[in-house]
Amino acid sequence: MISASRAAAARLVGTAASRSPAAARPQDGWNGLSHEAFRFVSRRDYASEAIKGAVVGIDLGTTNSCVAVMEGKQAKVLENAEGARTTPSVVAFTADGERLVGMPAKRQAVTNPNNTFYATKRLIGRRYDDPEVQKDTKNVPFKIVRASNGDAWVEAHGKLYSPSQIGAFVLMKMKETAENYLGHTAKNAVITVPAYFNDSQRQATKDAGQISGLNVLRVINEPTAAALAYGLDKSEDKVIAVYDLGGGTFDISILEIQKGVFEVKSTNGDTFLGGEDFDQALLRHIVKEFKRETGVDLTKDNMALQRVREAAEKAKCELSSSVQTDINLPYLTMDASGPKHLNMKLTRAQFEGIVTDLIKRTIAPCQKAMQDAEVSKSDIGEVILVGGMTRMPKVQQTVQDLFGRAPSKAVNPDEAVAIGAAIQGGVLAGDVTDVLLLDVTPLSLGIETLGGVFTKLINRNTTIPTKKIYTVCIGELNPASSIGIPPAPRGVPQIEVTFDIDANGIVHVSAKDKGTGREQQIVIQSSGGLSKDDIENMVKNAEKYAEEDRRKKERVEAVNMAEGIIHDTETKMEEFKDQLPADECNKLKEEISKMRELLARKDSETGENIRQAASSLQQASLKLFEMAYKKMASEREGSGGSSTGEQKEDQKEEKQ
């Protein structure tokens, strides 16, 4: 807070100027920056070292995440351990403390709904009291709680996790996928965020990258990344619109592509509108119909709700290619009369009616973006669709009606953002040349003085990085003394404040006393967010989880090896039982029994112990089978010798 006196104060806030005055609360913009939001640091380091190694591009999505790397001049989307090109952004904790990420976590969600976290990107960088968060608390089976700093966190088995931590676990999975493909460690990354994310949300995403062990070189906007994926190999100049309706957020960006320069003209959106809302709307419809038909209210049964939620998501996807689908969930619940089954037919028209209001919510941001960019729909040469929800025919029709042209399907809506992030990584590493990305800040930054007068310093849709200098007067009772400004009569000291938004869209401030020339760098943080100690502790926890994952993988591989050796040994013992000494067979059977006892307590054993025991069993079995082989070879030689002798006798008799 920069205070003029007891009676006059100026405080830094951000606002989404495109919103209504009633909605333009401080937390809607740069998350209510205040006196507590300043952290003073001695200097700001702008130096950047040469980037070593590959730079991975990661789309950290609400529903699914994707990772890509540059191979030469082309970006390649990588498959995860399950063979899929996208990974569910789902993290679960089992009763025994095991952490699951991706598809394994999603598969067990029905039986463990309270400890399975999904769509936590909608919580990242948000306060618990935000209306959107309060709305989410009623829609998800897991607990959303107020952290000590006032942020929204989640709880599993009595432990609290920040949304940045959950995002970090997903990023670790992406990092592992990249490392498995590259064959070496991947440290550098470009991570994407919704274009309409504010400062707190962007910083929280960077925190997630740091917790996961990544060096986040840049945070870029998802529509901009998709534009890079679309336009990298295009030679013609044109204005394009990127309509990005994903799992949890909606963005619209207008860009001009000209000779390798990607300039964002404007951006707009809604950070709480996406596929999750479509799923929730359909879920409410199904629950309502089920109650009407059976009289049973499913809202109190988390396990049943999770089954319905998964069925709703599946039906939504099917209706993009079919005009009708069946929703069948046998034994969904039961009452005094017995089990209840869900059998429902759903048409595409019915589904479109259920979600029509959600689709309409994307129209106003698109119109505002065109207005801010000073373009008409006739000026737009291409409309790019990004995000899984753009596969819905009604969404595509809405886009066509809005922009007056059929949208392009030139990019994969699930992969384009990760590809664009990888391209930007290539640009930063110097591997991709002749590409320049000029992005914008989505929200305005300004100063509000006593009386509620708001002065914009940096307007929304200003190209970043950017800076603005503003001079304020400081009175004798002011907190600015902490940066070394001596006490003086009111209005005498003049402080030159520089507001700087970097290429990641994150705000920095520097303050300079024009009288003394003394200068201090200020990094703006929201009153919430993660402290340095929080992040360090989370990094340690993430490393602990990574070590546990490594040990678990080692143990599983050792168990698989041991079970294979047992199976092979028993098979060969049965096959060669006539050639094996009985006493040696009994000894080997005892070894197998000991091995099985060890496997029975595998969870308390290390992979190395299991591997050593399995190797000992294998060596013992090989010695025994070697004996059997020699015996069989000897018998064959004996039978072969007698056969040869008989042939010679026969030949001798024929000659006589």
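Every residue gets a Cβ built from N, Cα and C, even glycine.
Pulled from Swiss-Prot:
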{"type": "REGION", "residues": "1-432", "note": "region 'Interaction with NFS1'"}
{"type": "TRANSIT", "residues": "1-46", "note": "transit peptide"}
{"type": "REGION", "residues": "63-431", "note": "region 'Nucleotide-binding domain (NBD)'"}
{"type": "MOD_RES", "residues": "T87", "note": "phosphothreonine"}
{"type": "MOD_RES", "residues": "S408", "note": "phosphoserine"}
{"type": "REGION", "residues": "432-656", "note": "region 'Interaction with FXN and ISCU'"}
{"type": "REGION", "residues": "432-441", "note": "region 'Interdomain linker'"}
{"type": "REGION", "residues": "442-656", "note": "region 'Substrate-binding domain (SBD)'"}
{"type": "MOD_RES", "residues": "R490", "note": "omega-N-methylarginine"}
{"type": "REGION", "residues": "633-656", "note": "region 'Disordered'"}
{"type": "COMPBIAS", "residues": "646-656", "note": "compositional bias 'Basic and acidic residues'"}
Distal contacts, the region 'Interdomain linker' (432-441) - CB-CB under 8 A, six or more residues away: 70, 73, 220-221, 224, 228, 232, 260-267, 423-424, 426, 458, 460-464, 466, 501, 503, 505
Pairwise Cα distance for T87 (phosphothreonine)/S408 (phosphoserine) [Å, integer]: 25
Residues in the region 'Interdomain linker' (432-441) grouped by DSSP into helix, strand and remaining coil: 0 helix, 6 strand, 4 coil
Mean of the pLDDT scores, which run from 0 to 100, over the region 'Substrate-binding domain (SBD)' (442-656): 73
Local backbone state of S408 (phosphoserine), from DSSP in three classes: strand
